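The block underneath contains the structure these notes are about, expressed in structure tokens.
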Amino acid sequence: MLVVAFASLLGAARAIMMPIDDPTTSDKFQITYANESLWDTLVMKNKTALESGELFDLGPDTKCFLPNMTRLHEQNVQSVNDPEYKQKLIDTLDMGAHIIDASLKNQCLVSQNGFWTYRYCGSGDFTQYHGVAPDPNDKLTYTLGRSSKQIENREFQLLYDDYGYYISEIIESGDICDVTGTPRAIEIQYTCGNVMRPGTLQWTRETKICHYEAQVIVPDLCQLELLSKNQDKKNAVPIICHMSNDVPDKHNIVDIVSNYDVSFVANQVYFLLPMNNSNVDRALLMYTGNATEDGLEMDPFPMEIYKKFIDVMNKMLGLGLLSPPDGKPFDVHDSYQWIGDIVDMHGNYLNRLRLDVDVNMEATLIIDKSINFTGPNNFQWYFRGSDRTKNSKSRFGSLTNDNMMLAGGSIINVDDISKENAQELLEKLVAAGKLSGVIEDNKITQGSPIEASKTKVTKASESTPVSEKNKKAKTVTKTIIRSRDKEEYFKENEKQGEENNAQVPFSAHNNEQHGTISKSERKEENTNQKQLANTQKGDTDTPPQSSQSSANDKLSRSGMGQKEPGVDEIGSELRGNSKKALGSNIDNSSGRSTLNDNSDRIAVENEAREIINSNAYDQSEASVDPNYRNDQQRLNSAKEHTFSQSKEKKSINSEEILETKILNSETLGNNDGVASDVKDEEVVESDRNGVIDDEL
């Protein structure tokens, strides 16, 4: 079983679709079965009927007679010239305008169509926006037209098309169009239809630049005879059919059409809504394609099948074909589960479809024959968003690490789908450039510190593209090695460092992004740092702030005031190596150290300063140029120096560790002080356990 989730089904993330003709305004047909005697009398031996209609086959054993629709339209056009009929048109327009005003006054109709959402408030504005609600200050909110509040100032017209009469109103004074420089305008077509009061906004489309059309169905307009064409009992065209035997086959398409209101949706799929007088209570989805060749009966199903039915469900919701069980319009935060059977043209069962929509308008589509279906109608359950309380529980069930995936920044329920199938599904749904990041993120334990760091770096990298040469310096990794492998590990790193230095010279960095600093400036800064260190040996309680200010001045002049993604992680590595150079012995029960003796503090600080100013690690260059911090050769030299120091000095007081943090805060330009450094960076080394846990 495959599960397809498509985000924001009722909102902005849904694929853009063009509106199709409203199924409630299309032609209706009423099919009547006739035995052979009645068939001969009404059709086969009726010359007038044969001249005004046509015969056609509806299956191998069924013949039907359809009246000529063109002649019916011609008769309607000819009747317009009648004076009495003209007066009837005038009266219909006048009464229709008052019905529209009364029905939609203080009411707002909303419909979603792809990226955009449309809202029309009677005697008010017609708005196009993106999001949950229109915001006048948002750049993605446009007013397509402004209607007058007084009915006397509104202009209505009674027009006619292939589907019959409708009332048209053009409202103007919309927002200025960026292309034409003129106000936007929209034509609203009011029609009769069997929908819930006060009405529905069926569709909205842009016919030309900044000119729009919309269709609004007002059920009370069906009170007017000329506008009631869409009522089945008044406009259904009678079709007479005769079968070779007198007992209709329940699996024949004629039987399906006679019990359901059929509406074409998309992709060879029809929506079958039970008629009021039928003995069925569940809607169906009829697939008219070849189910075997198209893979509808396969398990698992081809992705093309899911794409077809995702489009189908989008259009069904956009056209309002699905109605809540209480008969009220959908609310923005309603959640429900809708289940419908998929049948072929003969009514044979093919498969079962389930649509889950949660309160965040996220939808999940499942096609599976094993879906349990026990409800009296198509809704297995339904929760009103307005009735939901903070303590109410969702019927979706709990999300665990085994049945959730990260896709587009949202966690979705994939109904216990296996991770292998989920990954295969994502490969088809997620863009190739994002798939690797999605899969990689899920390899890390949920909620771990390293995951948070990696997510932070990844997001920064997305906003600022990172070249292939700089990726190593911008990635957070986690390495755990045994003590017996230390020498082999660092030798391998040294070899890798030489390869990296050969492939990625410092000159290859993007100077426009990182800024530059000349060798003379580095030399001058180096001298200033050493002089400042010598002058402060007598007073080690005060951190050398002036060296940092000098470095910041040069960074500001060279355009390096902002840190690039990953610099904090590289700085963490350098600070860790400085601690190793002094050795460490941290209380494993707490992972923290305290400072008790001021004399030890001074001694440790002086010793650390001498090590950092030695040839093993030139801190002045590392503090000036962030790229220089990634020099693998200097990093390996510091690591080699670590082992030589650790052999001479097996342990050190926890006070000395804290002093190392203070020193690193000064040399690496960390102005946050000791407290923040202790809180953010903790490196634990235990020679007794032989494990190093290091974040690079």
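For all residues, glycine too, the Cβ spot is worked out from N, Cα and C.
A C-beta separation below 8 Å, combined with a sequence spacing of at least six in one chain, links Arg184 (mannooligosaccharide derivative binding site) to Tyr142, Thr143, Leu144, Gly145, Glu172, Gly174, Asp175, Ile176, Cys177, Cys210, His211, Tyr212. According to Swiss-Prot, the feature mannooligosaccharide derivative binding site maps to Trp116, Gln128, Asp178, Arg184, Glu206, Tyr212, an assignment based on similarity to another entry.
Sequence annotations record features per position, and here Swiss-Prot assigns compositional bias 'Basic and acidic residues' to 482-498 (among others).
The feature compositional bias 'Basic and acidic residues' is assigned by Swiss-Prot to 685-696 (among others).
Following the DSSP three-state reduction, the secondary structure of Cys108 (disulfide bond) is strand. Look at Swiss-Prot and you will find Cys108-Cys121 (among others) tagged as disulfide bond, backed by sequence analysis.
Taken from Swiss-Prot, the feature disulfide bond applies to Cys177-Cys210 (among others). Of all Cβ atoms in the shown protein chains, 15 besides its own fall within 10 Å of the Cβ of Cys177 (disulfide bond).
Per Swiss-Prot, disulfide bond is recorded for Cys192-Cys222 (among others), and the stated evidence type is sequence analysis.
Residues or ranges marked as domain 'MRH' by Swiss-Prot: 106-224.
Positions annotated as N-linked glycosylation site by Swiss-Prot: Asn35 (among others).
Note: Asn46 (N-linked glycosylation site) has no non-local neighbours, i.e. no same-chain residues 6+ apart with C-beta under 8 A of its own C-beta. When secondary structure is read from DSSP and collapsed to three states, Asn46 (N-linked glycosylation site) falls in the coil class. The N-linked glycosylation site feature in Swiss-Prot is assigned to Asn46 (among others); the stated evidence is sequence analysis.
The DSSP secondary structure for Asn68 (N-linked glycosylation site) is coil. If you draw a 10 Å sphere around the CB of Asn68 (N-linked glycosylation site), it holds 12 other CB atoms from the protein chains shown. If you look up Swiss-Prot, you'll see Asn68 (among others) marked as N-linked glycosylation site.
Annotation source Swiss-Prot lists N-linked glycosylation site at Asn276 (among others), citing sequence analysis.
Residues or ranges marked as N-linked glycosylation site by Swiss-Prot on the basis of sequence analysis: Asn290 (among others). Counting every protein chain shown, 11 other Cβ atoms lie within 10 Å of the Cβ of Asn290 (N-linked glycosylation site). For the recorded site, Asn290 (N-linked glycosylation site), the DSSP three-state label reads coil.
According to DSSP, Asn372 (N-linked glycosylation site) sits in a coil region rather than a helix or strand. According to Swiss-Prot, the N-linked glycosylation site annotation covers Asn372 (among others).
The annotation N-linked glycosylation site is assigned in Swiss-Prot to Asn588 (among others).
What Swiss-Prot lists as region 'Disordered' is 450-600 (among others).
What Swiss-Prot records for 667-696 (among others) is region 'Disordered'.
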Integer mean pLDDT for the domain 'MRH' (106-224): 86
Length of the line joining the Cα atoms of Cys222 (disulfide bond) and Cys108 (disulfide bond), in Å: 20
Which of Trp116, Tyr212, the listed binding-site residues, has fewest other Cβ atoms within 10 Å: Trp116
Disulfide-bonded residues listed as Cys121, Cys210, least Cβ neighbours within 10 Å: Cys121
Fewest Cβ neighbours within 10 Å, where candidates are the disulfide-bonded residues Cys108, Cys192: Cys108
Distance, Cys192 (disulfide bond) to Trp116 (mannooligosaccharide derivative binding site) (CA atoms, angstrom): 25
Position of peak Cβ density within 10 Å, selected from the binding-site residues Asp178, Glu206: Glu206
Residues within 8 Å of the Trp116, Gln128, Asp178, Arg184, Glu206, Tyr212 Cβ centre (excluding the mannooligosaccharide derivative site residues themselves): Tyr142, Leu144, Gly174, Cys210
Alpha-carbon distance [Asn290 (N-linked glycosylation site); Asn372 (N-linked glycosylation site)] in Å: 25
